[in-house]
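First up is the structure itself, then whatever we jot down about it.
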């Protein structure tokens, strides 16, 4: 061996492979206020003890590797290693365990969701000793929260910008999602806003395609916004999707939206990536733009019960990265969402402080310190008959978004918007009078339809439409 490469590795070092649990399973560990805590659903391979599986997760997502390395002696593993500090079996599931892991804060770059996820949900999800692995929840410590800007503006600032209080906001996704020319697209936006909606929306896959380039769409939508505002006296908006193939192009679109004077832009935060999303969120705060977030691709990550990452983790990450709205399921529509679990992560988005509540899937108490809240968006297969349930489930601080439930009205787009606005106002009025929307909802809608022919027509069209499938996302 060359003198230049010879080391003293043999001093206090024994090469070879040893069980992870000898170093990374520490049930006696007392978690610190500054630790990031993670709850993993672990399914070990046959023959792998749960303690070894939990320790392997802690090791591979922090300082560990498959064999002992002599450079461990050049640092303090006790300071930097992740620790599996508790393991509990999952009730009703064979060979599944919840492994709790604590990570020292020094492992993570300040203000970077990208770096946090690269460590916690990086290579470890391909680890052979595990049949499946799912990140169920994270506890983000105050010290780390304070390194993030979070939502550009938050719920209260948005209401002040829009001058709209005391009710959910109403939106509509323009359909068909692909194929319209920019001018026809702008026409649909105008009709919906003129009919009484607060927002219209680009669909998540509307970027800048040959049939409708982004600049043309932005111009026609801005015209629709200003025309409808002048005619209704209300502040209106359209979620202009700035998502693009590069961060530079994304920012070019956001800058153009600001120059047009529109109130809000949009980003697909999972397909666009957390680095791009945080960059856009910072720009939106600095330039007075609201930021609507779509979660396209989330079900690839969160749909399977035993592998991937629960949406509550993605929701927390979005609140840190930045967004004023995010799609959060409907409970009653066509998309996945069990009621208590959905309300669990809705509260994680909106509230300043959330207590641990395992009945709603919340594994840790979370304090958001001064980070603004995010408005949950209910969207997907909803119509006027759902309005009482949506108002009761989501409350005032939400956006109720009807795409087909607006544009599918037999009389056209504007009457569809009128029907939804009348239904919402009727539900809010009834609730404020003390009526129970969960019990009297259908009767409230029928009463309102007597003096709104647009609502009556909508009620007739969608009276038989239901999406009754068992939710996959259960405890």
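In case you wondered, yes, glycine gets a Cβ from its N, Cα and C as well.
These figures come from a predicted structure and were not determined experimentally.
Taken from Swiss-Prot, the feature active site, proton acceptor applies to 175, 294. Residues or ranges marked as substrate binding site by Swiss-Prot: 123, 173, 177, 295, 327, 379. According to Swiss-Prot, the N-acetylproline annotation covers 3, on the basis of sequence analysis. Summarising the annotation, Swiss-Prot assigns N6,N6,N6-trimethyllysine to 14. The N6-carboxylysine annotation in Swiss-Prot covers 201, and the record cites sequence analysis as its basis.
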Highest CB neighbour count within 10 A among the active-site residues 175, 294? 294
Residue among recorded positions 123, 201, 294, 295, 379 with Cα closest to the Cα of residue 175 (active site, proton acceptor): 201
Integer Cα-Cα distance in angstrom, residue 295 (substrate binding site) to residue 201 (N6-carboxylysine): 14
In sequence order, which residues at least six apart in the same chain have a CB under 8 Å from the CB of residue 173 (substrate binding site)? 200, 201, 202, 203, 379, 401, 403
Looking only at 177, 201, 295, 327, the recorded positions on record, which one has the least crowded Cβ, with the fewest other Cβ atoms within 10 Å? 177
Find the one among the binding-site residues 123, 177, 327 whose C-alpha lies closest to that of residue 294 (active site, proton acceptor). 327
So of 123, 379, which of the binding-site residues has the fewest other Cβ atoms within 10 Å around its own Cβ? 123
If you measure every Cα to Cα pair among 123, 173, 177, 295, 327, 379, the residues listed for substrate, what is the largest value in Å? 37
